[in-house]
Amino acid sequence: NLIQFSNMIQCANKGSRPSLHYADYGCYCGWGGSGTPVDELDRCCKVHDDCYDQAGKKGCFPKLTLYSWDCTGNVPICNPKSKCKDFVCACDAAAAKCFAKAPYNKANWNIDTKTRCK
């Protein structure tokens with residue numbers, strides 16, 4: 001679920017940036033998404049959105065699905081339990097790892113999505 005995703009982000013980035021900083025970044029980080037991602041971090045969010053879409057097509061509810069995971073050496077590791085839980089956990093873990101590698105450009109936080117995300 002979204003709280004677990006937030007915790008995974010903190011695991012992967014070693015707590016260097018609050019999870020909320022990703023909630024309104026670029027065209028895809030946060031609710032919804034459209035247009036072309038503005039940078040590598042925004043592409044991470046688009047891939048995560050697409051992964052959640054795939055989870056939904058499998059009958060899962062990714063924003064609400066609780067799963068089991070551990071933070072081992074600043075790497076989120078999923079503990080498989082069921083199809084939906086494992087799929088959603090994998091979406092979140094991949095995004096958290098992607099966020100940790102991608103540069104954060106403050107200029108892409110809280111952008112005007114109506115003009116920048118076409």
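Including glycine, each Cβ sits where the backbone N, Cα and C put it.
Swiss-Prot annotates Tyr28, Gly30, Gly32 as Ca(2+)-binding residues; of Asp39, Asp49, the candidate listed for that same site is Asp49. Partner cysteine of Cys91, as given in Swiss-Prot, is Cys51 (from among Cys45, Cys51, Cys60, disulfide bond). Looking at the candidates Cys29, Cys44, Cys45, Cys60, Swiss-Prot gives Cys44 as the cysteine bonded to Cys98 by a disulfide. Each of Cys27, Cys29, Trp31, Gly33, Cys45, Lys46 belongs to the same chain as Tyr28, Gly30, Gly32, Asp49, is absent from that list, and has a C-beta within 8 angstroms of the C-beta centroid marking the Ca(2+) site.
Straight-line distance linking the Cα atoms of Cys11 (disulfide bond) and Asp92 (active site), rounded to a whole number, equals 12 Å. Spatial neighbours are here defined as Cα atoms within 10 angstroms of one another, and by that definition the neighbours of Cys27 (disulfide bond) among the recorded positions Cys44, Cys45, Asp49, Cys78, Cys84 are Cys45.
Note on proximity: among Cys29, Cys78, Cys117, the disulfide-bonded residues of the record, the Cα nearest Cys51 (disulfide bond) is that of Cys29. Non-local neighbourhood of Cys98 (disulfide bond): Leu41, Arg43, Cys44, Val47, His48, each in the same chain, at least six residues away, with C-beta under 8 Å from its C-beta.
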